[in-house]
Amino acid sequence: MSKQEASDGIPAAEAPAKRPPLNKYALACAILASMNSILLGYDVSVMSGAQLFMKQDLKISDTQIEVLAGIINIYSLVGSLAAGRTSDWIGRRYTMVLAAAIFFAGALIMGLAPSYAVLMVGRFVAGVGVGYALMIAPVYTAEVSPTSARGLLTSFPEVFINTGVLLGYVSNYAFHGLPVHLSWRVMFLVGAVPPVFLALGVLAMPESPRWLVMQGRIADARRVLAKTSDSPAEAEARLADIKSAIGIPEGVGDNDDDVVIVTRKNKGTHGEGVWRDLLLRPTPPVRRILIACLGLQFFQQASGIDSVVLYSPRVFQKAGLQSDNNSLGATMAVGACKTLFILVATFFLDRVGRRPLLLTSAGGMVVSLVTLASALHAIDRVPEGHATPLAGVSIAAVLAFVASFSIGMGPIAWVYSSEIFPLRLRAQGCAMGTAMNRIMSGTITMSFISLYKAITLAGSFYLYSGIAAAGWVFMFFFLPETRGRSLEDTEQLFGGGDGQEDVREDGHDAQKKSTELTGSQQ
């Protein structure tokens, strides 16, 4: 689907002519929700340096390290697939508390692990937490944000993931001087401290207004929207859109003390029937939305970002930085660069739009990966000790790669996926996107050492550059712009007739086409 086809007959998405001031309450909610992502970034990146000392202490092989580093992404499938149903059942907020508790347990198990087997158990627990956090933070933030700042606020999870990545690298550098048997343990145990405070902070947040409406709690949703919208008129408009998407008739629940009882099973207020409407009998717009989400998450990871995050010390050692101190120092620079450039996406998402940043990002990744691969290929042909200039080119190319990733592919994959699904399908649709992301991340990280031993480091990065180029083509032809659209309106971009959710009905009971609602006084 081309950009022209995607938006044919639909007015071009426009940002507001005059941007309203940033809503501070929505900002605070987005920050608190996104801080779980620090733990995610930390758990992934701390393995980068910890593996150097873990290998010496536990006497484990490169293959075991490769599996241990990457398996957390496969384990996270459990969390990401469970998070969709969990967040529909207990709410977005308590799902984030659950994610923090799981992170806490995983960090303790890994830090105190006496053996490789127990480490694997710790990685499993932490992986489940990764899956929960990856899915729920963008969904909650998108649902609580006003349209004018949704791109900015929904990019925060990726900002905090990168902050966590940087902190993991800093931890590697700070504790690498400890005795070998202590250094990697302290690196993991440090990650058990933040979840305690984050769980308490999340409890101070309001619930998602869209989830509240799905439960019939109209008055509670109205109060949250009043605080997170740019104006009272926008709050009422957002509430009307959400009620319409749920199927609540106009005028029902208009009193501040009203609670609406949603009794129609097919509305799926706790997630019932969603997998059927996503996978078994999706409408054409939902099918295109699902392909867009899965494709974007596939290319985000298949282009090799996690290989660079996890194995950059090995890349830098190959480039000529032989000491642990130098390679870990260069790796810390990677984390700083990745974190710094995420701010570009954060501030331009709602000004420039999603498509331009995605295409610029993928193009920069292709160029930097080709440069890195070419430099490493040249280093292979130079006698040892004579590759200093090429080492500088390699480091610059790695920095350019993570910078390019951070201005688009990194944050926007999560922003875009959280925006495009209809309300009833959003939590579990995003869970499927997260599952794709984690499958690819696990595949890439668990195969990297074997891959570069088979086709060299240069060959590996040439392969990643080809995948990134294919991703650019996919995004150019298949992803329409979503800037300036309400969450209830984005389905039109994929061929939806009126922006409302098209829910399949059981053919034998035509009466289910009308929503059974009753208003009761609280």
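Each residue, glycine too, has its Cβ placed from N, Cα and C.
Small disclaimer: the values here were computed from a predicted structure and weren't measured.
Record note: among 65-84, 125-144, 65-84 is the stretch given as transmembrane segment by TrEMBL. The transmembrane segment (152-170) is not in contact with the transmembrane segment (65-84), judged by fewer than 3 CB-CB distances under 8 Å for residue pairs 6 or more apart in sequence.
Among the stretches 25-45, 65-84, 356-379, the one making the largest number of Cβ pairs under 8 Å with the transmembrane segment (96-114) is 25-45.
Confidence for the domain 'Major facilitator superfamily (MFS) profile' (29-483), expressed as mean pLDDT, is 85. Just going by CB pairs under 8 A, the stretch in 65-84, 356-379, 391-416, 461-479 that sits most against the transmembrane segment (330-349) is 391-416. Tertiary neighbourhood of the transmembrane segment (461-479): same-chain residues 1-3, 6, 291-292, 295-296, 299-300, 302-304, 307, 354-355, 358-359, 362-363, 365-366, 369-370, 372-373, 376, 409, 416, 451, 455, selected by CB-CB distance under 8 Å and a gap of 6+ residues from either end. Listed as Cβ neighbours of the transmembrane segment (391-416) (distance under 8 Å, sequence separation of 6 or more from its ends, same chain) are residues 134, 138, 142, 150-151, 154-155, 157-159, 161-162, 292-293, 296-297, 299-300, 303, 305, 308-309, 312, 315-316, 319-321, 330, 333-334, 337-342, 344-346, 349, 354, 357-365, 367-369, 371-372, 375-376, 379, 433, 437, 471, 479, 482.
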